[in-house]
Amino acid sequence: MDEKRIRGFYCSSWEEKKCYVWEKDEFRTYLLLIVFSSSSRHMFFLQVRKDHVAPIYVINLLISDLIQLCCMIIWEKKGYRDESSIEFYIYYSGLVTSVYFMVCVSLERYLVIAHPLWYRFKRTIKISVVVSVVVWLIPPVFFLTVFPWVPFVVTNRIFAIALIIPFPLFIFFLVGTLRALSASVSVPSEEKQRIVGTLVLVLLIYTLLFLPSMIEFLELHNRYTKTLFHLAVMFLKLSPLADLILYVFIRKQPIGKLLTTVNCCRNTDTNIQMV
């Protein structure tokens, strides 16, 4: 049966039209994601500047998401995805990097509750920067030195294994935080809710968006014709948008105040237009 590689997948001739229809509107979706992500990141950096705090891991997570979006825009403009192209390696390096920065965010939230003294006196910006540099360096070095020399099916399995390693860590950080919270009396209730919400959200994002693709990559053979595979890849592409929700939980401003601020801004814009 005649086969063509479309957007990085092997599709039989009767599925070719289906593959194109599956992603025909993605280019406009990615443009909207770029605009929304840029505005959210701008608000986030303004909050960092106001609080004089640098949530380094979250900033790096948002940067890795932006890199993924840029690579997806390039693929949509080209009309296909070449596994030997530089943007392919950049995209998957950014994807793995984003998962491990999610691990760093969860670890930081866990240390705030379980080991507050260590977090307060031992945590420094230098340590955070060193960890961030290591997280940024390992995926591209691995992808560029290993992936070009092994079959594509093997790369899928290596990719899935690399992404499934953080799963027990997310569970450990959440369970450990819940246990520590039961004995903690010094942490304000609002801070507890935000920390637990962040850890739960990270685990949900990972489970819903990343875990299906990892399971599918481990089960697939040489032909990518399964609908579940396309769904898994689509979920991966939604991860940059899902990561933006972490911004709401991590920032110090409560959700109610955030909504009030948005309404005030909207009313101000309406008054200006009326004038």
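Note: Cβ is positioned from N, Cα and C throughout, glycine not excepted.
Annotated features in TrEMBL:
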- 28-247: domain 'G-protein coupled receptors family 1 profile' (DOMAIN)
- 56-76: transmembrane segment (TRANSMEM)
- 88-107: transmembrane segment (TRANSMEM)
- 127-152: transmembrane segment (TRANSMEM)
- 158-182: transmembrane segment (TRANSMEM)
- 194-215: transmembrane segment (TRANSMEM)
- 227-250: transmembrane segment (TRANSMEM)
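Residues 54, 56-57, 60, 83-84, 89-90, 92-94, 96-97, 100-101, 104, 158, 162 of the same chain lie 6 or more positions beyond the ends of the transmembrane segment (127-152) yet place their CB under 8 Å from a CB of it. Outside the transmembrane segment (194-215), and at least 6 residues removed from its termini, the chain residues within Cβ reach (under 8 Å) are 99, 102, 105-106, 109-110, 112-113, 160, 163-164, 166-167, 170-171, 173-174, 177-178, 181, 187, 228, 231-233, 235-236, 238-239, 242-243, 245-246, 249-250. Most Cβ pairs under 8 Å with the transmembrane segment (227-250) belong to 56-76, among the candidate stretches 56-76, 88-107, 158-182. Confidence annotation: the domain 'G-protein coupled receptors family 1 profile' (28-247) carries a mean pLDDT of 78 in the model.
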